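The block underneath contains the structure these notes are about, expressed in structure tokens.
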Amino acid sequence: MSKTPPKPLSEVEHIKAGSRLLRGTMAESLVDPVTGSIAPADTSLIKFHGSYQQDDRDIREERRLQKLEPDYSFMIRTRLPAGVCTPAQWLALDAISQKYANGTLRLTTRQAFQFHGVIKGDLKPVMANIHAALLDTLAACGDVNRNVMCNPNPVDSRVHETVFQWTTRLSEHLLPKTRAYYEVWLDGEKVAGGEEEPIYGPTYLPRKFKAAVVVPPLNDVDVFSQDLGFIAIVENGQLLGFNVAVGGGMGATHGDSATFPRLADVIGFVPPEQLLAVAENVVKVQRDYGDRTNRKHARLKYTIEDRGIAWFVAELESRLGFSLQPTRPFAFEHNGDRFGWLEGHDGRWHLTLRLESGRVADTGSAKLMTGLREIARIHTGDFRLTPNQNLIIAGVTPEARKDIDALAAAHGLEGYRLSSPLRLNALACVALPTCGLAMAEAERYLPRVVGLLEERLTAHGLQNEKILLRITGCPNGCARPYLAEIALVGKAPGRYNLHLGGDTRGQRLNRLYRENIDEAGVLEALEPLFASYARERQPNEGFGDFTVRAGHVGVPSTAPSPSR
Ligand code: SRM
Ligand code: SF4
């Protein structure tokens, strides 16, 4: 009997294996004066260092016709566990953006900062400046554990502070140990040998890996979309431990049914002191069993889908040497941000501002960049980036509130008070012109499409309904669209797939409702649904719940699905 030959490893696996723990030929690429790009293999490796090579897609064709190489530049993403930074760090990042990037900051859906438009020759100074601000970009991208998310309002209660500390410990624990980052970017001493990656091994993970910690009842991190989630269980103000959730993910490819978004399974409970061991061993199971032959099938969700959740738990427990305890009850209320001022347990105040698509820029009368710079100059607390691309000015004394309010009002930062609920909660990924994978606009399209939907909702008396809209320029799912009540997923320029039926707690995947439609098609498809929602909804029924109950979409899958 002939045996089927093993499938070949993907190209990126060979690049990682030959990279000497992520060094590759990066040092040479950075000083090559002939091109604004880096060597092809280094474009894979630089991701582990927190950067992507991109080109300006708005002028790609024009440059091609002029026989010029694409207008290369780099996106740089920070690592910022739970999205927390100081005012001094904010000012440092602002200064980097003015000097070396496109003069804007972009707050991401994973509570990090992105710079866009950094040219190759400026990469090292940017990395050095980020380091000088006591921040880094290591493992912000690449086949490793990415930025660890957590509810960004940890001072909300004492338990949040403890959970925040576990989040930073988790982030540190899963960081790559290679010194390559320091050698390449910070002229660190060359390591002669003997260097190891005790958790990842020399070829790291088969694919990106994402983790989040969450304190119910708020699910702003969308914990069921993560490869690994820890759900804090709190009783009488004490942290008892965490339910563990595994195997969530959003990414999919149009027309490829072997790829799909998936909600994480809740597999048990652990006390806090077991969190790091569980995380490490979840990573190691995925390291050893994840598919290294096909990157579209390499996330933990596929490992679990293929082998079964029972297999996964058994493998995890045999590595841990102990069993997970039965899952504890928990309940989420919503997955959005809480806008405006909120008082913390220590008498300090936290102001959540709305930043459309997380873009911090000075445009027209809205001087968000300047306004936040002015706030950073007087603020004595910290800044917290939310998982919904917004910003919390945290830890404000009662006396300082009026100064912050005055600066917010003077610089067009009052969207949190003035926007419709639809606009407040809408997310859009970056998409064009920087994202190399975008098929349609997202961030640049959001203002227009929200305006059109606001008109239609108002016509039906629905202007005060909080409907969760998310837009992405392709099916990769960077704004977690498959959890939205209404999602537009880019298919081609000006054309989107319309998904309906998510909830507002991040616990239900939506369903494809219309495929490949243009703006008129989107409005036409939603109009009768808004009309019947206005007429037939039950008290307090959300739009997503209505579309499911009324049978407009099939019954989508729902979390939590405790496996034990
Ligand atoms: Fe993402 C790739 C932007 C959160 C799923 N994502 C990209 C790239 C790097 C495009 C690329 O590979 O060339 C985008 C860069 C655009 C640009 O110009 O800046 C990009 N992703 C983003 C951000 C900036 C979106 C935003 O508007 O905020 C988010 C950065 C988060 C961070 O700080 O780390 C971002 N990406 C996400 C999320 C949401 C999350 O993590 O909570 C997801 C869905 C969750 C998941 O991973 O399943 C997500 N991004 C992807 C995927 C699909 C992965 C998959 O399993 O199929 C890709 C494509 C890929 O990896 O091949 C991708
Ligand atoms: Fe780019 Fe697609 Fe992610 Fe949007 S969803 S940032 S278009 S990869």
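Note that the numbers count up from 1, one per residue, in the order the chain is shown.
Backbone N, Cα and C define each Cβ position, glycine as well.
In TrEMBL, annotation is done automatically, which means it is predicted and not curated.
Database features, via TrEMBL:
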- Cys429, Cys435, Cys474, Cys478: [4Fe-4S] cluster binding site (BINDING)
- Cys478: siroheme binding site (BINDING)
- 71-132: domain 'Nitrite/Sulfite reductase ferredoxin-like' (DOMAIN)
- 169-322: domain 'Nitrite/sulphite reductase 4Fe-4S' (DOMAIN)
- 345-410: domain 'Nitrite/Sulfite reductase ferredoxin-like' (DOMAIN)
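Annotation: Cys429 carries the greatest number of neighbouring Cβ atoms among the binding-site residues Cys429, Cys435, Cys474 [cut-off 10 Å, Cβ to Cβ]. The average pLDDT computed for the domain 'Nitrite/sulphite reductase 4Fe-4S' (169-322) is 96. Taking the centroid of the Cβ atoms of Cys429, Cys435, Cys474, Cys478 as the [4Fe-4S] cluster site, the other same-chain residues with Cβ within 8 Å of it are Val430, Ala431, Leu437, Ala438, Ala442, Thr472, Gly473, Asn476, Gly477, Ala479, Gly490. The Cβ of Cys478 ([4Fe-4S] cluster binding site) has 23 other Cβ atoms within 10 Å, all protein chains considered.
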